[in-house]
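Trainee: Here's a structure for you.
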Amino acid sequence: MIENLISHPHHIKLVGDFFNKKLFSSISTDHPLVILTDVQVAKEILPPIVDFIHSLDYTVVPLSFPSGEKNKTWETFISLQNQLIDHDIPLGSTMIGIGGGVVLDMVGFLASTYCRGIPLFLVPTTMTAMIDACIGGKNGINLRGLKNRLGTFYLPQDVWICPEFLSTLPKKEWLYGISEAIKHGCIADASIWEFLHNYGDMLFSSREILSEFIKRNCLVKAAIVAKDPHDQHLRKILNFGHTIAHAIETLSQGCLPHGLAVSVGMMIETKISLESGIMKNPALLEQLHHLSKRFHLPTTLEELRDLIPQHLHHEFYDPENIIHALGYDKKNLSKKAIRMVMMEDAGKATSCNGIYCTVPKMAILYEILKSECYAMCNN
């Protein structure tokens, strides 16, 4: 089964079986086919994939790099560029990225810059990658610990979403991706929340429910990206929860899974929206909390304590350090004007005069972060 799910801003297909030669019909066999993944994915699923692509008469060049956000660095990027040169990869070759969000970020940046751009295909293998990272063409690497500081907008020619790849993951990694779906419900489509309430228990057991879940989330993000492909206004709402998330990921030195950081970030940014008077209904905060807990997602900084190395606790649980890290967010116009997305109602981010992010009062931001850190220090 190959279902054409989305054609704009780029093609996305829902695929029942990756081992289908029709998927590769648009890729020439005249040039090498580069496959980029991380070492974990390479170990778990790559050998049969390489064998299959070889059987289609392609010259396959598999490349991999160490897994995890810690390795999404300039050094890794340059190493991979050098490997492409060492393999004499010519202009006209195609690159396929297979993996989670870190792999898709890296392969997009690699493909967009090698020979000023070579054709790119994406095969997401995690929930986060399937409903978020594979859509919209953003890519990038971290620099000096700052999230995605270098990157480009570079659309893939096609994305192949094969839910069967999720079966290779522990269930906790499925849950990391749920936070991005909850985000879509917060900012754009409240029916995502309703879907999770009604069918959440069946996501792991029903192929039909899982496929529908992936479709709905892809459609939400693709619709937003299509209206603002270069992140000038509306697309910024996809950063809901991510302003706080990126700051605490930086302070964790790459030890904090992105989905868990986003879950906590959404709760904190919802509190800021409420205290700032942008969100009028306090019941939404409780609803967000209950939905997150249903999927065993953290909602406070305190719940992250076991994931943060002990020697980083003092720095991590300091509101001033978090605010300092927030100052480096890419949305900011200056370090003193920290911009973030505010939730106005379920399924609606506030437009803030068409900018879709605003600067909360520093006193509100500090007090909420202080409360979060104080709760940890007193337990």
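Cβ coordinates come from backbone N, Cα and C, glycine included.
Marked as NAD(+) binding site by Swiss-Prot on the basis of similarity to another entry: 67-72, 101-105, 125-126, LYS138, LYS147. Taken from Swiss-Prot, the feature Zn(2+) binding site applies to GLU180, HIS242, HIS258.
I'd like these features described in context: how deep, what's nearby, how far apart.
Mentor: When secondary structure is read from DSSP and collapsed to three states, GLU69 (NAD(+) binding site) falls in the helix class.
Look at HIS258 (Zn(2+) binding site): DSSP puts it in a helix. Within 10 Å of the C-beta of HIS258 (Zn(2+) binding site) there are 25 other C-beta atoms, taking all protein chains into account.
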Trainee: In whole Å, how far does the CA atom of VAL103 (NAD(+) binding site) lie from that of HIS258 (Zn(2+) binding site)?
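Mentor: If we compare the Cα positions of VAL103 (NAD(+) binding site) and HIS258 (Zn(2+) binding site), the gap is 13 Å.
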Trainee: For the Zn(2+) site (GLU180, HIS242, HIS258), what does the 8 A shell look like? I mean other same-chain residues with CB within 8 A of the CB centroid.
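Mentor: My list of surrounding residues reads THR128, ASP132, SER179, LYS183, GLY241, ALA245, GLY259, ALA261, VAL262, GLY265.
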Trainee: Which of the binding-site residues GLU180, HIS242, HIS258 has its Cα nearest to the Cα of ASP105 (NAD(+) binding site)?
Mentor: HIS258
Trainee: Determine the Cβ neighbour count for THR126 (NAD(+) binding site): the number of other Cβ atoms within 10 Å of its Cβ.
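Mentor: THR126 (NAD(+) binding site) is surrounded by 27 other Cβ atoms within 10 Å.
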